[in-house]
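This report concerns only the one structure given below.
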């Protein structure tokens with residue numbers, strides 16, 4: 001952590017602030033401003049908050065600072081702190097512009113919008129909209145454009161990938177490995193895939209629990225590799241998260257991927273919490289396949305369209321379905337690298353897509369896994385945010401600031417020199433996210449003592465602080481580098497300490 005917390009943070013202002021629990025709004029603002037300026041000099045990225053709408057900029061909350069310092073308690077509005085990008089990202093301001101441009105195309109062009117762009121509009125035709133989005137998402141996941149497709153939603157894409165690449169043999173490889181505390185939708189997807197193949201999850205599903213961390217289930221790389229080795233002979237597929245949704249742990253994707261390939265086990269990564277958060281190099285790492293959503297760090301909007309990655313070695317294009325009679329050589333149809341998949345017309349070659357011929361020739365690459373024409377409204381919303389990422393220099397450029405933000409937040413919460421959160425309140429929570437910056441993204445997960453969650457969340461909301469809760473006892477705090485600042489981190493920690501103090505008295509722990 002010392003390498004991340006450079007000297008600009010170790011300022012007299014910070015040292016004076018964190019050793020005193022009494023502060024006012026101007027002190028908080030000064031601290032956040034000075035730290036931010038210092039980090040810019042040290043090579044940090046500029047806050048891009050101006051590109052985003054601020055959630056509840058004047059949230060109607062109790063003015064706690066006024067109540068504490070002056071006793072006025074006049075109910076004045078408080079600037080809202082939004083540290084919830086791991087659940088739903090903020091809306092980029094250009095989203096409204098792009099959506100209005102899409103509506104203008106629809107309103108004035110009708111069906112011709114599929115093929116004819118509106119004059120002076122930057123939007124592509126609807127036929128090419130998904131292609132443009134793929135071009136923008138490819139560098140974010142570290143892939144070629146041909147290896148990514150913008151389509152469907154996360155769980156649907158996981159099912160589509162499993163339908164193509166999970167080929168169980170009850171007498172050989174038939175098991176699926178996943179973590180014991182996987183996001184429920186991933187768990188449901190695996191269970192139903194097994195049942196779809198008339199397999200019993202009790203005997204064909206392996207769930208990983210960390211022997212060294214059974215409560216939090218922080219799986220070490222060694223534990224995962226050992227499980228793969230142990231079950232390789234009977235395992236057909238592995239599903240793992242790039243970043244674990246509950247703990248915020250970033251797994252060692254390249255090492256685990258390489259080990260699975262050594263044992264000829266197909267591995268799918270759920271990148272819901274990794275995409276737009278941590279640098280990814282899916283092609284270079286040799287990842288088999290992956291899927292993600294776009295409403296968290298990618299800021300596409302609630303329920304927005306998802307995406308998937310299929311490595312080029314797994315997406316070869318075969319002869320057209322319906323012309324098998326011309327293939328005389330045995331096995332020529334199953335060309336190396338081709339995976340049969342659930343198909344639809346939008347995955348068909350663009351040159352013949354509208355010819356209405358019942359011969360399926362998939363688009364080369366991941367786009368050949370598409371089914372129906374995608375929602376252009378969704379793609380327009382997503383593309384607006386991806387443009388902001390491109391202007392910011394991509395995830396790699398943002399990672400430096402993200403590391404500093406998260407380390408700063410951790411230091412304020414539990415650092416030896418910080419007493420913003422009182423001694424009694426510190427005993428009421430612990431950080432379950434790995435302290436190693438290389439094993440986490442932007443999220444810190446705080447495990448509260450039992451029974452405190454409801455009261456703490458209520459008190460945070462009163463103080464105009466928005467974070468995410470995961471029952472029974474976890475608060476997830478995610479400073480997103482695109483729009484969050486060091487001041488946001490300070491304001492959260494002050495409010496969190498106060499919320500814990502109220503909850504402690506209320507629950508009597």
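The backbone N, Cα and C atoms fix where each Cβ goes, and this holds for glycine too.
Swiss-Prot names 154, 155, 183, 184, 185, 186, 270, 273, 295, 345 as pyridoxal 5'-phosphate ligands; from the candidate set 217, 314, 373, the record adds 373 to that same site. Distance noted between the C-alpha atoms of residue 183 (pyridoxal 5'-phosphate binding site) and residue 296 (N6-(pyridoxal phosphate)lysine) is 15 Å. When the binding-site residues 183, 295 are scored by other C-beta atoms within 10 Å, 295 scores highest. In the three-state DSSP classification, residue 270 (pyridoxal 5'-phosphate binding site) falls within a strand.
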